[in-house]
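Enquirer: Okay, handing you the structure first.
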């Protein structure tokens, strides 16, 4: 099943228009736009947290290697 074409989108729009009416359509579009914006913001925050967590894991896993290298040098 491929992407929606122009005729399919027109049919969907007409069905929505019939179901909700012309007066409610702008309110629905506004609500949908706000929802999409919040979803995008939450997705970006989640990706940022994942990236930050990966950086912390990478940083913390490299620190013990440095400390073991230093302890080996002091033993010599």
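Every residue gets a Cβ built from N, Cα and C, even glycine.
Straight out of TrEMBL:
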COMPBIAS  44-55  compositional bias 'Basic and acidic residues'
COMPBIAS  63-76  compositional bias 'Basic and acidic residues'
REGION    44-76  region 'Disordered'
TRANSMEM  6-22  transmembrane segment
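Provide an account of the burial state, proximal residues and distances for the features listed.
Expert: Same-chain residues lying 6 or more positions outside the compositional bias 'Basic and acidic residues' (44-55) and placing a CB less than 8 Å from one of its CB atoms do not occur.
For the transmembrane segment (6-22), the list of distant contacts is 28: same-chain residues at least six beyond its ends, Cβ to Cβ under 8 Å.
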